[in-house]
Amino acid sequence: MSAAEEVDGLGVVRPHYGSVLDNERLTAEEMDERRRQNVAYEYLCHLEEAKRWMEACLGEDLPPTTELEEGLRNGVYLAKLGNFFSPKVVSLKKIYDREQTRYKATGLHFRHTDNVIQWLNAMDEIGLPKIFYPETTDIYDRKNMPRCIYCIHALSLYLFKLGLAPQIQDLYGKVDFTEEEINNMKIELEKYGIQMPAFSKIGGILANELSVDEAALHAAVIAINEAIDRRVAADTFTALKNPNAMLVNLEEGLAPTYQDVLYQAKQDKMTNAKNRTENSDRERDVYEELLTQAEIQGNVNKVNTSSALANISLALEQGCAVTLLKALQSLALGLRGLQTQNSDWYMKQLQSDLQQKRQSGQTDPLQKEEVQAGVDAANSAAQQYQRRLAAVAAINAAIQKGIAEKTVLELMNPEAQLPQVYPFAADLYQKELATLQQQSPEHSLTHPELTVAVEMLSSVALINRALESGDMTTVWKQLSSSVTGLTNIEEENCQRYLDELMKLKAQAHAENNAFITWNDIQACVDHVNLVVHEEHERILAIGLINEALDEGDAQKTLQALQIPAAKLEGVLAEVAQHYQDTLIRAKREKAQETQDESAVLWLDEIQGGIWQSNKDTQEAQRFALGISAINEAVDSGDVGRTLSALRSPDVGLYGVIPECGETYQSDLAEAKKKRLAAGDNNSKWVKHWVKGGYHYYHNLETQAGGWAEPPDFVQNSVQLSREEIQSSISGVTAAYNREQLWLANEGLITKLQACCRGYLVRQEFRSRMNFLKKQIPAITCIQSQWRGYKQKKAYQDRLAYLHSHKDEVVKIQSLARMHQARKRYRDRLQYFRDHINDIIKIQAFIRANKARDDYKTLINAEDPPMIVVRKFVHLLDQSDQDFQEELDLMKMREEVITLIRSNQQLENDLNLMDIKIGLLVKNKITLQDVVSHSKKLTKKNKEQLSDMMMINKQKGGLKALSKEKREKLEAYQHLFYLLQTNPTYLAKLIFQMPQNKSTKFMDSVIFTLYNYASNQREEYLLLRLFQTALQEEIKSKVDQIQEIVTGNPTVIKMVVSFNRGARGQNALRQILAPVVKEIMDDKSLNIKTDPVDIYKSWVNQMESQTGEASKLPYDVTPEQALSHEEVKTRLDNSIRNMRAVTDKFLSAIVSSVDKIPYGMRFIAKVLKDSLHEKFPDAGEDELLKIIGNLLYYRYMNPAIVAPDAFDIIDLSAGGQLTTDQRRNLGSIAKMLQHAASNKMFLGDNAHLSIINEYLSQSYQKFRRFFQVACDVPELQDKFNVDEYSDLVTLTKPVIYISIGEIINTHTLLLDHQDAIAPEHNDPIHELLDDLGEVPTIESLIGESCGNSNDPNKEALAKTEVSLTLTNKFDVPGDENAEMDARTILLNTKRLIVDVIRFQPGETLTEILETPATNEQEAEHQRAMQRRAIRDAKTPDKMKKSKPMKEDNNLSLQEKKEKIQTGLKKLTELGTVDPKNRYQELINDIAKDIRNQRRYRQRRKAELVKLQQTYSALNSKATFYGEQVDYYKSYIKTCLDNLASKGKVSKKPREMKGKKSKKISLKYTAARLHEKGVLLEIEDLQANQFKNVIFEIGPTEEVGDFEVKAKFMGVQMETFMLHYQDLLQLQYEGVAVMKLFDRAKVNVNLLIFLLNKKFYGK
């Protein structure tokens, strides 16, 4: 039950807010409070009514009622409402922030007011009276939101009257609101002091706004209401037809329905009015209970619409298209886009829609919106059908022409509605479709035929492409697809199909055929199926052969072998028995090998057995004949014949030598005699035992043989067998060989005997030597005793001599000692004299060391003492060279800036000349069209001539030759230059977008903007962007230092991707390729560090080697695996191998720091500095680990893990890394990753803890590597770039960017301009204002506006244009510094330096308080005089200011007083602190001393750079000058050519060498007015134009014309007309200009006249 209407226990209705019960007595204040609550509740009801009505119109949910006002402020819902009832005025595309993403993110934006204005314009377009309109600020600033809700209510009633929207509900007393919601709304209304509009009087106000007699209208409406109350339909219809009621679309047949609907509407309104008035003391309005004119019209329209919809449903049931079309044309429906010829389409579409509605369980007829949607769909379908017919006709025509590219282009036409077409197979489509077209009776393919054919051919094309790329998965997918249309595809034959197709494709390539056709593929499939069938039949035949072998019947085996399906070759009937024996033997051997008694022979084994049997038969026949020939030769007694027979290879005898021929003959003859003596049985058969253990039977008479034993077989008793013959030969040959052996080795026997004798002699000699060696100690002892005796005797003799001369020895010793002492003294003295310079150096070193200590104190001390600072203040003095360099720098800077401005002026002149040349060329093209139509102009259409002159101006896109397009082009060039050179904008823009959009934006726009860093300038600018973006990301998005590692920072990802692409790929290849290749080439390397994996591979190896299942469990834990010694051994080997190869990678990486791209190292440095700045407490190791994460883990690690994916190595076609190689590289990468991050192996990897010490050592190497990698020069030093770089290049920077990217960038900048440039005076705001709104694709390309759903629009968006980037803003000049705290500080410091140089002291306070001595004052005075002399020589521009000169004239004491005054001011400003004796100033002076050297170096570098810049600018100025001269000559040539082709020059010259006279044209003003050239002359009537004559003549200067005006023959004025000025006016779009300040002429027609008369165009 609602809060507005409650029922108590007695069933009495309780009052609404603001009412008073009969037994309730309220004070005046309570009654006012109740009234305010009722107003708040009533307004909330109006909000709910507006919300529900808008939701019904928009089809989407709106914010809750209490939040509706805030939700309407951005105008999005209002603009969508405007699109609902007036789509022509409000386009969805023009609604700003349609999805409200910006509003939800950053709140209201001033551009949201555009949405409100569009809504107001839509209401104005449909004619809603403006009395209801709110102000924009009422909504945007929420100044009067009830006014907006009031307008929505009025709009709803107005739209209901027009039949464009449903009627708004009256929800007073029907909705619930909490006390809190009502009180909040009451407070809100009281806060703004808003007067609530009279919602109940909207109907009356709408009626009053009609342009009719108000009294008559109200009388007619009241009469209608009275008639409705009488409930007589005829009377009601009569009242409705009253002209004063202004009602339309009344149908007499619907009168009863009008009565019922209007009566019910009035009853509802009266009920609601009664509900309101009982609880309100406000003045009642007559229309609170009566239906208004708008409500009556709305209900009439509602009835008409229902009737029309019923007629449509009836027509759909009857199936009559004519009746349906008539029903659709009902004015009550107001359907758009009805076309008579599409009636059948309407019937088909609407019947389908109705059927779908019935199937979904809805029984009501189609609604108006559904009918309109059906009509639109039918129109679209009909249009598509016609386009499809045209497209099919174009396809057939293209096929007949035989141009494959044209055929494919037509097939790809979206209007043809064909399956996907692949351009690479153009020849295939052309060839096959042409064949189908010729086979067609009409020689034309229909759409269904084309659909099937294209579908099949596209599949064939994909099969061809997949075959070329080796993608067998795609080939099979297409083969098995029903779309391809192939028959008899068997899945089990998949691989066979693929193999055959590959062979077929290779054969086609060999025959220079690019594609295999559908027929080829089908034939291939059929062939494979046939082969498979034959193979099946052959398998059955092989089974029959094995069964026959098992039966042991040779004849059955022969029959089985001769089965045609088996396709066995070489089967002979006479070898049947041997086939049986050979094959059954092979079968037994196979059973033994496989240990399978049921093993059968396979086809190749059977075929091999047949061939072997045939071979055995041939060999056996030749063998038998050979033995027979030997026996015959022996019988003949012919030695030569016997020897030849014995040596025959067929019998296989060995050891036969020609020298024993006679012996063989005699020995064999003797053997045969013995046999003959034993008896001859005269048998004709001989049995031979042949290879394989078989017997072969040979007939001596017929010389034939066989394997089967003949009947009644008896062995011949005379014939010698092979074994007997071989035995005889072996014996004879052996005897002969022994005899030859002794003869051949006679010399060896003699040599052997000599060796024996030599051995005996050597043995005797060794015995004697051994004896002597044993006696060596005795010999040595005798010799030593003799030598000792001789030496002892000589010593005793010398000692006796010295004892006899003792005094002489003492004297000699004293003289020697004196000489040595004197020599040492003289040597030392000479040493000092020789090294006097070195001594001086040592003393200087000691003094320098003291000075160095002072300097270190100055440099490193936080508070350097005054004594130290005083020693170095002289370094602050400016020498003559300093002044000269400053002067040179100032002059050079002035000259550079002057030259820059000069070059800019030259550049502007060049642009202007470029435009003029373009205008001349364009004018020529335009005139060709104009002249071709000029003869057709009549008096009625002469005004079209001007439009024809301007037609070219309307063509073309961004680079069209018009002032508007030129300004747009220049604005974009300025914008992209600013974005390129100022990285702050893009850096902030990246983080204003979601990550997925920012990544796409980076990939598409940013790299395009910087030309993918194709030269040094773009690389410098791109790295600046990376630097700024990374600093911005760390500043705004990184809260903890580890987020850089654990997260995926946008800039880091972008930098790594860019440097690991084409630019950094070669670097990675140089660093890693050698070691990666070495690892891959080492086939024996197998790194496994998982104990379980090692255990399993060990178990598998044992089982493979032994052939027996292992008794060890297969699933074990790492601890259980490590309990096996073999596992430990293998793990140790793997660890050693991994450590060795990891060391190679580590050495390659740390030694190649110079190979890493500079950009990568620079970003590493920026990352380190930025993190240190944000996290000052982070240690060096922590920062270096993050640098390692960037340089190793993100940059190098993926290339090690997958070297094939990053082109580190080259693999052959189809080649890939093995599993072992990938595992090895992965293990190495893991080791390096642990080393780079100083991460140890713990926990689950505790078995690898043995290498933790190695990891720690490796980390130290990595640490030094990361430190060195971050030590790179700054961007400016690396690329040698400054603010003048772009100004000295001859060619401006050019980027190539697509239209879509331009529009996307423009849109993003507009959406986020407040975020990326919060300052209002930021240059980017000016540039965006110059560009205005985001243009459409068509406007930038120059195409006409097409359908928004045009599929070609995406392709148009990819159209690339080149933009020559230019800077709109000048080089900023120097600004004068103001006298502030810094000025006081500088002056005070300068005075302190002067004082402390001449007066020592411990602190500044002590010096200031101690009076200076006369000597100090005198020394100071002399120094100031020297400074004055030097200053006198200084140029004026570098002379010091007057206060500085005055300070030089002060004494030391006066300077001290001035210093004290300055110190007081600085103390007041908080700059210095007297408590620490002004140490801040001393520190500043020390800092100035330290920076003085750096400043001099920078000054020299800047001077050199400016000199280079000046030289380059001079070159550029020379280039521009040459260009200007060339352009001028070109323009002059163009004008000369124009003049030379004119009519004046076409006249023949009367005599050679005589100049032709220049002809002037004379026209009356009336004639020029008739031509449209002259528009008017101020203060002169048109009938006086005949008295005015204009004379136009060329001057000496080409392109200039002199125009003279005469009135009634009197010379009035002369005007100089410049042809180029006319073209410039045309370019700027100026259509009218003045001559003589009075005559207005049409510029375009004047140009046409000059061209026609003087330039012959």
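Yeah, the Cβs are placed from backbone N, Cα and C, and that goes for glycine too.
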With Swiss-Prot open, pick whichever of Y172, Y736, Y1527 is annotated phosphotyrosine.
Y172
Just give the helix, strand and coil counts over the domain 'WW' (685-710), going by DSSP.
0 helix, 14 strand, 12 coil
What is the interatomic distance between the Cα atoms of Y172 (phosphotyrosine) and S330 (phosphoserine), given in whole Å?
36
Based on Cβ atoms within 10 Å, give me the single least packed residue among the modified residues Y172, S330.
S330
Tell me whether S330 (phosphoserine) sits in a helix, a strand or coil according to DSSP.
coil
Averaged pLDDT, computed only over the residues in the domain 'IQ 1' (745-774):
85
Give me the DSSP three-state residue breakdown of the domain 'IQ 1' (745-774), ordered helix, strand, coil.
29 helix, 0 strand, 1 coil
Secondary structure content of the domain 'IQ 2' (775-804), with strand meaning DSSP E or B:
28 helix, 0 strand, 2 coil
